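Peer 1: Here you go, one structure.
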Amino acid sequence: MPQLGRYPFSLGSNMKNARRGMLRGMGTDPQPLPDGAEEFEEHRSRVFSVAYRMLGSAAEAQDVVQDAYLRWAGAHRSDIAVPGAWLTRVAVNLCLNRLSSARVQRERYVGPWLPEPVATGTAAPAPLGPLETVEQRETVSLALLSLMERLTPVERAVFVLRDAFGYGHREAAEVVGITEAASRQAHRRARVRLAEGQPRFEPSVQRWREVVEVFLDAAQGGDIDRLHAVLADDVVSYSDGGGKVTAARRPITGRTRVAHFLGRLAGMATAEHTVVIAEINGVPALVVLLGGVPVSVLAPEVADGRVATLRIVANPDKLAFLTRQPGTDWHPV
């Protein structure tokens, strides 16, 4: 079984410090955290990472972390042989329950549904774990998380455990509560479904950033010709406003249409808007700020030196986690 809790996550220490600060404000001496809370914090990052990959939602992943803690706090320690493995099983099963209802909700969603963006190149410890290799970055990419909406909950669970966390089929089956043969079948089906639209990743992050810089310069200048040059012929743009802000409710396809769409967006910008290049879900992307607060994320998918797909997340609910992330240009501390 893969070892859990191998990397830190800043929200753990932040939670403890916030609690102690609250007690001081009440004129009360800080008290030790409840029994087992310190040990849970060692695995918080892993629980969040599993839940985010399962759900594509940072807000829901945080809810899963809290629900997992409540179950942890109410369990007898003598019944938990390996805390990390126990918490992973709890997290996966909580996600399976959520995915069943999420499918119906997402079918009713206004416009394209896109995953919530997470800043990964921050000064704070990485919230999604190590993203040093192409394979690690792929498992949290907005492209792959979007494609995983095609999978059944069980297929998604097995795929995440196998491809993102290196579980064997026997271990994955134990976590999900299925047979080893069923795990193999679920993983095979997941790979087939994902292969139909598998993104063509640019392996070099530096090259990815160079393309994003050219894209930004052309878009800000409203230079349609330069946009044409940096966009793939069959580029597709997806916009997620969730019905809460103005956004294209259907995908925009083709280089010419996407270039003109971006030109119109650039024309809507005001002097109070700024754009920064930030690492989002493992790769360079654009974060649009209004008054220093993120109002949209433009995540280009780069392949063969051009933008093959553009995902725009503007739903304010989906930017809440990103806005609060420490160590970013918009939240430095």
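Using N, Cα and C of the backbone, Cβ positions are placed for all residues, glycine too.
According to TrEMBL, the protein carries these features:
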- 40-103: domain 'RNA polymerase sigma-70 region 2' (DOMAIN)
- 142-194: domain 'RNA polymerase sigma factor 70 region 4 type 2' (DOMAIN)
Peer 1: Report the DSSP secondary-structure composition of the domain 'RNA polymerase sigma factor 70 region 4 type 2' (142-194) as helix, strand and coil residue counts.
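Peer 2: Tallied per class, the domain 'RNA polymerase sigma factor 70 region 4 type 2' (142-194) gives 44 helix, 0 strand, 9 coil.
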Peer 1: Across the domain 'RNA polymerase sigma factor 70 region 4 type 2' (142-194), what is the average pLDDT of the model, as a whole number?
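Peer 2: PLDDT averaged over the stretch: 96.
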